Amino acid sequence: MIGFAVFSSFNRFTTIFVCVLLCVVYLLSYASGEYDGRDSSSGSNNDRAPSNEFGSCTDGKCIKRTSQDITSGMWFGPRLGRRRRADRKPEINSDIEAFANAFEEPHWAIVTIPETEKRQITQFTPRLGRESGEDYFSYGFPKDQEELYTEEQIYLPLFASRLGRRVPWTPSPRLGRQLHNIVDKPRQNFNDPRF
């Protein structure tokens, strides 16, 4: 019984260890296989010299690298933003391709319909719902004094009068006390020198 418990825990430990080891080996072979699969002619397509295939030059100082240095950097994965070569042509859905072909070769016929004048051209004059009897070319000048007097009588004052006053111009008391004589208001203090 004790032997079975020891054997089962040993068996679990070895199984887990073997699985982890296989995963690490697989990941390392996948990461290094990406760089081993490159063709060597890509280095000659650059403007680099063939003797400096694995070197990097900055400010005229070239550092020689070996192939082991390149694969040792793969522990951290490929560079971010690195793009892979896309040799394959992107696949296009057949429905999208048929739709694009329909737009490239239009089978549409453009038909123009002659315009017939159904509406009459009218001059729009806004009147706010009622007819005004004003002459359009009078420019608001009265022809004589009678017309001026009748226009003043017709129109109501623009502002409501204060406290029932009907005088055309009522001065404010702040304009000066000497204006009381204009409206014929009696003085309240006859002895006051300010009046």
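Heads up, the Cβ atoms here are built off N, Cα and C, so glycines get one too.
Among Leu80, Leu179, the residue that Swiss-Prot annotates as leucine amide is Leu80.
Record note: of Leu148, Leu163, Swiss-Prot gives the feature leucine amide to Leu163, with no matching annotation on the rest. In Swiss-Prot, the entry for pyrrolidone carboxylic acid among Gln120, Gln188 corresponds to Gln120. Residue annotated by Swiss-Prot as leucine amide (from the set Leu128, Leu158): Leu128.
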